[in-house]
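Taken from Swiss-Prot as is:
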type	residues	note
TRANSMEM	90-110	transmembrane segment
TRANSMEM	121-141	transmembrane segment
TRANSMEM	165-185	transmembrane segment
TRANSMEM	194-214	transmembrane segment
TRANSMEM	228-248	transmembrane segment
TRANSMEM	256-276	transmembrane segment
Amino acid sequence: MTAVSAMSWWQVIVLAVVQGLTEFLPVSSSGHLAIVSRILFTGDAGASFTAVSQLGTEVAVLVYFGRDIVRILHAWCRGLTVTLHRTADYWLGWYVIIGTIPICILGLVCKDEIRSGIRPLWVVATALVAFSGVIAFAEYVGRQNRCIEQLNWRDALVVGVAQTLALIPGVSRSGSTISAGLFLGLDRELAARFGFLLAIPAVFASGLFSIPDAFHPITEGMSATGAQLLVATVIAFVVGLVAVSWLLRFLVQHNLYWFVGYRIVVGVGVLILLAVKTVAAT
């Protein structure tokens with residue numbers, strides 16, 4: 001027997017804004033949704049609502065990178081038939097495909113665990129703090145001397161494997177892929193761009209697959225109506241479009257230590273709230 005309650009419109013709007021703001025920042029959108037849900041609404045919206053609302057932020061990626069995506073697709077299609085047309089964009093298309101394979105395999109193997117997964121706040125808080133060390137180390141050792149023409153299939157596979165860490169709430173998809181890119185010598189902006197392109201197939205597949213569960217959660221959580229899911233997706237799109245534009249400009253001039261500090265403050269703060277039993281872990 002599952003304990004399911006309906007989401008309020010206020011909850012939908014707040015969580016959609018949180019989703020849009022945090023999806024592209026290396027701070028974990030799923031972790032923030034779990035934290036905000038528990039602190040403000042005393043209940044987790046659930047992984048399915050997160051996955052569906054992510055469709056809005058991924059549409060934001062499609063809009064922001066629209067010209068790049070069309071150019072890559074065009075180059076990839078031409079390169080399939082004409083060897084002379086195998087440009088850097090052609091190979092980038094293949095690298096996105098290769099980098100998507102790890103999370104597709106893990107998603108299929110662990111689909112039941114992902115669908116029914118509960119997000120304990122102690123896991124979220126611990127991951128926020130622990131993975132901030134990885135991000136800081138990547139920023140410290142990253143040479144940032146490789147350009148897009150120097151990418152290869154091994155790089156794509158490494159970043160793709162790093163993307164699977166995003167299944168752990170509190171890690172962050174962008175945090176894991178940008179860190180992997182920095183370890184490989186890519187500059188911050190290129191690492192972020194490649195990570196965002198890599199996320200498109202996986203997030204769209206996850207979001208579409210999770211739509212039925214968002215209406216009827218299979219574990220304890222909150223259910224949403226079709227209108228609420230639509231509004232949440234639109235809000236996440238608008239806020240996400242602003243966020244991705246801001247982040248890429250920010251990364252040109254600033255390092256990731258700002259986000260490292262933020263993650264530690266939030267993670268430690270949540271652990272303190274759990275220790276004094278101000279909020280429940282689940």
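Cβ atoms here come from the backbone N, Cα and C positions, even for glycine.
Within the chain, the transmembrane segment (165-185) has long-range Cβ neighbours (under 8 A, six or more residues past its boundaries) at 23-31, 34, 103, 106-107, 110, 114, 119, 123-128, 131, 134-135, 138-139, 141-146, 155, 158-159, 191-192, 194-196, 198-199, 247, 256, 259, 267. When the stretches 90-110, 228-248, 256-276 are ranked by Cβ pairs under 8 Å to the transmembrane segment (121-141), first place goes to 256-276.
Tertiary neighbourhood of the transmembrane segment (256-276): same-chain residues 25-28, 35, 39, 121-122, 124-129, 131-132, 135-136, 138-139, 170, 175, 178, 188, selected by CB-CB distance under 8 Å and a gap of 6+ residues from either end.
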